[in-house]
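Participant: When I checked TrEMBL for this same protein, it listed these features:
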- 74-187: domain 'Phosphatidic acid phosphatase type 2/haloperoxidase' (DOMAIN)
- 38-58: transmembrane segment (TRANSMEM)
- 64-84: transmembrane segment (TRANSMEM)
- 139-163: transmembrane segment (TRANSMEM)
- 169-190: transmembrane segment (TRANSMEM)
- 202-221: transmembrane segment (TRANSMEM)
- 227-248: transmembrane segment (TRANSMEM)
Amino acid sequence: YEVVYSPMRLRLRRLVLQVVEWEVPRLAKMQRRWRSPALDRLFVFAGMLGNHTFFMLALPFAHIFGLGVFGRGLSFVVLWSFYFSSVVKDYISAPRPASPPVVQITRSPAHTIEYGFPSSHTTYVVSALLYISHYMLNVWAVSGLWLCVLWVIGIVIIFSRVYCGLHSVIDVTGGFAIGALEALVFIYCYEPLDVLMRSNPGPLYIIAALYVALSAMPRSLDLCPCCIDAFCATSVTAGLGLGAWIYVRLPFLYHG
């Protein structure tokens, strides 16, 4: 790291690493005090509600049920949060909490070889929750009770990353900040971007954005699959964008 990484990258990595190392004995103590078979099952299941597989299965249903604009926007928010969390993960290159003494409770051991900061689960969940909340408050006028239920589920998913020993508190905090910032920018900028994407030169903009995003991925020293996540997610957004561009040019399908 000292030879390959820039001074700024090294400083950020050391800062995060110091906090993670300070947290490790405290996380291990928390696990020893709180763990039980019932909570293990609950938080493992909660973690599955915020992973790649869940979003891969869930996001298409917004399109299937005719919520095209919402579904496309939510898909972009979530998939680009994959990208931004992957970029920061590879740039910082900070490990997850040391195991042992922390116990990693997971059904997907492959995730443990990724870097820790930020928590990708937290990034996806927060970005999705903010975008859905925006629609619930400003478009659908849904009861505040359902909004509270949504956020309680989200908080359980986020806390599951710490309980399961897969992330430290600083990882979750970083993921929350990145997810919130990305979602807020997207909420306020999505409409003009959507118009631009569906314009005549839209495919050129989409391809250019994809090229720039993938070219900007930082290189890391370790075999971390974060760059694969980013490539897959941004490729899906390209497909969504091109699909929308074609859709609005088919008069027998598109009705404004």
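Any Cβ shown, glycine's included, is placed from N, Cα and C.
TrEMBL annotations: computationally assigned, not manually curated.
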Participant: Any chance the transmembrane segment (202-221) and the transmembrane segment (227-248) are in contact, meaning at least three CB pairs closer than 8 A with a sequence separation of 6+?
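Facilitator: Counting Cβ pairs under 8 Å (6 or more apart in sequence), the transmembrane segment (202-221) reaches the transmembrane segment (227-248), since there are 3 or more.
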Participant: Give the nonlocal contacts of the transmembrane segment (227-248) in its own chain as ranges (CB under 8 Å, at least six residues past its ends).
Facilitator: 52, 72, 75-76, 79-80, 82-83, 86-87, 90, 120, 194, 197-198, 202-203, 206-207, 210, 213-214, 217, 220, 254
Participant: For the domain 'Phosphatidic acid phosphatase type 2/haloperoxidase' (74-187), how many residues does DSSP put in helix, in strand and in coil?
Facilitator: 82 helix, 0 strand, 32 coil
Participant: Report the mean pLDDT of the predicted model across the domain 'Phosphatidic acid phosphatase type 2/haloperoxidase' (74-187), rounded to a whole number.
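Facilitator: The predicted confidence over the domain 'Phosphatidic acid phosphatase type 2/haloperoxidase' (74-187), as a mean pLDDT, is 88.
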